[in-house]
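Engineer: Could you have a look at this structure, given as structure tokens, before my questions?
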Amino acid sequence: MWRLPGRAALRGVRSVVEQRSPAEATTHEAVRAMERAVVRCVPSEPKLSLSFALADGSHKNMQRDQSEPLGRALSRIATNALKGHAKVAAAKKSRKNRAHSSGGAACAATGSEPAATCEPVVKLYYREEAVAEDVLNVDAWQDGAVLQIGDVKYKVERNPPAFTELQLPRYIMAGFPVCPKLGLEFGDPASSVFRWYKEVKPGAAEPGDSGLASSSHSLQSSAWIETGVDERVYTPCNADIGLRLKLHCTPGNGQRFGPSRELESVCPVEAGPGTCTFDHRHLYTKKVTEDSFIRTVSYNILADTYAQTEFSRTVLYPYCAPYALELDYRQNLIQKELTGYNADLICLQEVDRAVFSDSLVPALEAFGLEGVFRIKQHEGLATFYRKSKFRLLSQHDISFQEALKSDPLHKELLEKLALNPLAQEKVLQRSSVLQISVLQSTTDSSKKICVANTHLYWHPKGGYIRLIQMAAALVHIRHVSCDLYPGIPVIFCGDFNSTPSTGMYHFVINGSVPEDHEDWASNGEEERCGMSLTHCFKLKSACGEPAYTNYVGGFHGCLDYIFIDLNALEVEQVIPLPSHEEVTTHQALPSVSHPSDHIALVCDLKWK
């Protein structure tokens, strides 16, 4: 009878190098051929789960208290097995009776009825010894144990890699990467196995080699053939148009694999829009940069919460085809555009929470980037960084209104603002936020960088509000880059809603703004809150001052910037923006070939 060994015994077991005799090897192979009984047991949860298939084909999922004695769990398994056997027997009897009835013969008793089936013997073995029934579940269900139900044996797998979530996008287009959304427990995507299939065209002859996976009975169908792609991401080609896709995947952790799963796309692959505004830009970004460079992207991707309003469809973007404003369509373009830049840093604005988790994370993670998110109200900011180049050290996000009201760092600024209560009220009503991530180089630990990302207040008459927000942002960035991490350089990305002629831009580039600047009265004299502002940074717009980064029917102008610290960084190259002809092919942005009303800024920076 197996019971929990003492600590000394456990140390002894761990110290012995396992060597299998021929008999043990045979036993090991037999165990490998067994059915699986999957146990999920997490210390932070009161219950464990047990999943296995009975001989009748039914699948059982049980939840048992971790602190429960094993005997109770085994008794419950026996009851379930008996019920399953009874159902099978009843089904057989029903079929037999129907067969007799159809032949016109009565079902006469030829003897006594068979005796009622007894509960099968259910035992749990570990190292070929039966586990005592008073051992608690948490200790009894060990990896490698054997569960026996009647004559059937199951290999117990405790906490194997498993998918907790697996989804394909609803809208799939030829030429655009398909990135499944994955939720993994006890595993990682890099150690998992993926295999893509596509439907056989209706009426097409099945190839001589179907290419179907022999390890999965569910794939033994002539309706599917292999695509030849065994990676997490699949990009359909024009030949796939009209066909659905299937993904077969097995979760792994580098040491073992868990139960496989498969899923099919809801809709067939559709034709893409042809040439997109970013296709030519991708010619400059075919490869990831070397370690001494930082390819940086700043992009307002247009939140779905704004794109789907009646005002957007009829007033802001009436020239845009309605289907091209739908998220299912736009996210294909966004994913392809962003992944094609092979960026090291990506700062995004107007990111819906669901878009971050369901679309951006799966797509960019598959290409080696990891992201953090900061919500504003209905949407927020996202910063992604290449994991092979950077690790995240800390985050220092703030809400401007909360920081102004409660953080001593902004006491002086708030006192100046309070001299005009009306202006103060307007500023403190705004929900704008600042996202700050401190990153460290994975190849040189002495290199750290402060990456800031923001989206300032949008209203055309909100110039003074943007000045206050920028002043608060630079004070907070100074605290992070000078006080918390002395001397680290700054990259400040965002949609600043300010053209190069505004006070905000003047303040950032020149280091100061006078109290008589016209933007202090941007919403009239009654809200004038003139003050002299300065900051200590030496900043430059890495992409210069393009004619526009936002192009809609009623406005175009430069609103987006990547500001860099000239003391530590320099610009290696700026990826050219789309030509004016490309931008206006469909009148303005967004369009069927461009997913946002803004244009991404992309540049390669270099450490000095």
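Residue numbering: from 1, along the chain as shown.
Cβ atoms here come from the backbone N, Cα and C positions, even for glycine.
If you look up Swiss-Prot, you'll see 1-16 marked as transit peptide, on the strength of similarity to another entry. Positions annotated as region 'Disordered' by Swiss-Prot: 91-111. The compositional bias 'Low complexity' annotation in Swiss-Prot covers 100-111. For S216, the entry in Swiss-Prot reads phosphoserine. The Mg(2+) 1 binding site annotation in Swiss-Prot covers E350, and the record cites similarity to another entry as its basis. According to Swiss-Prot, the feature Mg(2+) 2 binding site maps to D495, N497. According to Swiss-Prot, the feature active site, proton donor/acceptor maps to D495, an assignment based on similarity to another entry.
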Engineer: How many other Cβ atoms sit within 10 Å of the Cβ of E350 (Mg(2+) 1 binding site)?
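Structural biologist: For E350 (Mg(2+) 1 binding site), the 10 Å Cβ neighbour count is 25.
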Engineer: Name the secondary structure element type, per DSSP in three states, that contains D495 (Mg(2+) 2 binding site).
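Structural biologist: For D495 (Mg(2+) 2 binding site) - judged by DSSP and reduced to three states - the answer is strand.
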Engineer: Whole-number Å only: compute the distance from the Cα of N497 (Mg(2+) 2 binding site) to the Cα of the residue listed as 'Mg(2+) 1 binding site'.
Structural biologist: 13
Engineer: Could you round the CA separation between E350 (Mg(2+) 1 binding site) and D495 (Mg(2+) 2 binding site) to a whole angstrom and send it over?
Structural biologist: 9
Engineer: Three-state secondary structure of E350 (Mg(2+) 1 binding site) from DSSP?
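Structural biologist: Strand, per DSSP.
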Engineer: Test of understanding: give the count of other CB atoms lying within 10 angstroms of the CB of D495 (Mg(2+) 2 binding site).
Structural biologist: 24
Engineer: Applying a 10 Å Cβ distance cut-off over all chains shown, what neighbour count does N497 (Mg(2+) 2 binding site) have?
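Structural biologist: Step by step: centre on the Cβ of N497 (Mg(2+) 2 binding site), count other Cβ atoms within 10 Å, giving 24.
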